[in-house]
Structures are given as C-alpha cells and as structure tokens.
Amino acid sequence: MTLRLIISYFLMITGSAFAIVTVLGLLRFPDVYTRIHAGAVVLTISAVLVTMGTAIYVWDLFLSAKIVLIGIFFLFSNPMATHAIARASYKRQIALPEEYEIDAYSDYLGRDA
Amino acid sequence: MNKLMKKIMISVVLTGVAFALYQNFSLMPEYQGLNEGLSNYIIKSGLNDTGSLNLITAVLYDYRAFDSLGESTVIFGAVSGIVLILSRKMLPVSSKGLSFIVKRALGIMTPFIALFGFYVITHGHLTPGGGFQGGVILAAISIIFSIVYGSAFDYRRYSPQTKTLFETGGALTFLGLGLAGILMEGAFLQNLGFLTAETGTLISAGSIPYINIGVGFKVGAGLAIIFYSMIQKTFEEDF
C-alpha cells in the first residue's frame, strides 16, 4: 500500500525533474535544432513518467488503463510533432544550413514525399 | 375599407397572441426570492426529472432544449452563409501533406481521436461533455486529414455531399425528437418517458443521448464544411 504510493511519488518527482531539465534546455541552448532536441527527448520521457506515476497512484484497472493510453499517446505524438517542426524549419531555413559544418539531412531530402 | 379590415385582422391576431402569452404566464410559479429560485429546483430535482447525471446536459437538452435548438440553427445559418459566399466548384489541391513519418503516426492515432470524440458525444449525460464538444473533436479529425495528408485526401473520402447529409440528418434527429415529444408527452421537446432506464447506464435519460448524437454529427459536419470552404491555395510547398 505505502510502497505503491512511494513508487508513484518517485516516478512523478522524476518526471517533474525531467520537465525542469526541459525548460533549462529550451532557455539555454543556442539555436533552434538543439532546443527542439531538448523538447523532444526529455519532455517525452517526463510526460510518460508522470502518467505512469499517476496510473500507479490511482490503482484502478480501467482508470489506470486510460492513463497508460494517454502515456502511449504522448510517446507517439510528441516525437512526431517535433519531427514535423524540425523538418519545416529546415525547409524554411529558419537557421541557415551554411552555419553548420555537418549537414547530413540534405542527403536524405527528396526521398520521402 | 380594405385598410379597416386589415387593422381588424391584425388586432384579432394580436389579441390571440396576448391571450396565449397570458395563459402561459399564469402557469409560472410565484416569485420566491433570489435564494429559492430556479437553480435550487434544478439541483434538487434535476436527476429525478430527467435521469441525467450531468446536470448541465439536463439543462441544455431538457429544460432549455428549445434554446439549444436555436443554437444549432445559428450554426446551420453560419454554415449556409459561409458556403454561399466562399464555395467553389473545384477544390484546390493545396499541398501534398507532411512527411511519411507524420502520416504513419497519425494513421495510428486517428482511430483513438475518433473513439474519444464518440465517447464524449455518447456519454454526454453521464460525464462532462456533450454533442457540441464531441462534434468539435470529430471536426478536428477532418482538419488533421487536410493538413497532414493534403486537402484532396479528405475530399475524396468524404465529399461535401456526405457531410451535408450528416448535418441535415443531425438537425432532423433533433427536430424529430421534438415532434415525438409533442405526440407522446404533450409538449415540444419534452423528454420521452418510455426511453428512461436505470440511472447511470448508457441508454438512460430519455431522449437526451439521441439529441446529443444528432447535435454531435451536426456540429462536426458543419465545422468541417466551414473549414473546407475557407481553405485557400496558400501553401504550395510541402514541409
């Protein structure tokens, strides 16, 4: 009983710490792609951890299943949206590609419609 | 002489309307002070009267159902006006859609969005939500199709004729339930008594769930029609 609460609090606090790291990354990173990277990777695991902690906290079969579904939704939607934003900002040249030494994405352009 | 006849007719009609209004007005309860007004009555006996656990839905589709009919008529008028002004024969292909990853990921997620929309519509009398909110979620699916898969995709699957059919079907469901209320219970949009079941189940609360489904289809199809009338050939390139 109390062990379940401790586990859920641990998961939620870890997720909140990852969210704080996300905000730090969004504020401190120099340009658009590194900021997108912070938002994609760290925010996804933060949301998934918070939803897992909430699912363990309520501990009811159907309610927990719904919350886990929300977590899976985050797992799909956040990287997808970040990918769309990064691709659009590359094509619109928000940050100029000439500023970077390595531009691996230009090799792949035009292959997927 | 003709003018006199017209005046007499008008005064007869006005007297009849005044008599009918007085009849209805005399049926209203006495003024009971601000503390014991209508809201207390609805909170106390709303569940017994309608069988709907969500009191807001009980007010929207039972006590004030005529008002909701007016609201959906407003949406119908807005859709008609926008389509009349902005419609064009051929739909322009505005974009090819987003990248392959976004298309496949939304292919996984779209059934869940549709399921959530139908859940919000059909559980409108049990949980927060209802026809208007769920209809907006269903319209968002159509808008997502247009942005992600290109505007021709949704046009080919669900043509504007199909959407118009959905919208008029929803409005006709609402009106038909209102006329059934006249025939079976004695007043327009009265809650149908024979449809009630045990409180808290999915098919309870009289005609409220069916009105919710009608309003949901009507709002969703109407907003999708508005969106497809308003998109222009603005973004050529694909991102």
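Backbone N, Cα and C atoms are what each Cβ position is placed from, and that goes for glycine too.
TrEMBL annotations: computationally assigned, not manually curated.
The following features are taken from TrEMBL:
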type	residues	note
DOMAIN	B:9-93	domain 'MrpA C-terminal/MbhE'
TRANSMEM	B:69-86	transmembrane segment
DOMAIN	B:101-223	domain 'Na+/H+ antiporter MnhB subunit-related protein'
TRANSMEM	B:106-126	transmembrane segment
TRANSMEM	B:132-153	transmembrane segment
TRANSMEM	B:165-188	transmembrane segment
TRANSMEM	B:208-231	transmembrane segment
Review point. Restricting to the same chain and to residues at least six past its boundaries, which positions have a Cβ under 8 Å from a Cβ of the transmembrane segment (B:69-86)?
Key: 167, 170-171, 174-175, 178, 189, 215, 218-219, 222, 225-226, 229-230
Review point. The domain 'MrpA C-terminal/MbhE' (B:9-93): mean pLDDT?
Key: 80
Study note, to complete from the structure: The DSSP breakdown of the domain 'Na+/H+ antiporter MnhB subunit-related protein' (B:101-223) into helix, strand and coil residues is 91 helix, 0 strand, 32 coil
Exercise for review: Could you tell me how many residues in the domain 'MrpA C-terminal/MbhE' (B:9-93) are helical, how many are strand and how many are coil under DSSP?
Suggested key: 62 helix, 0 strand, 23 coil
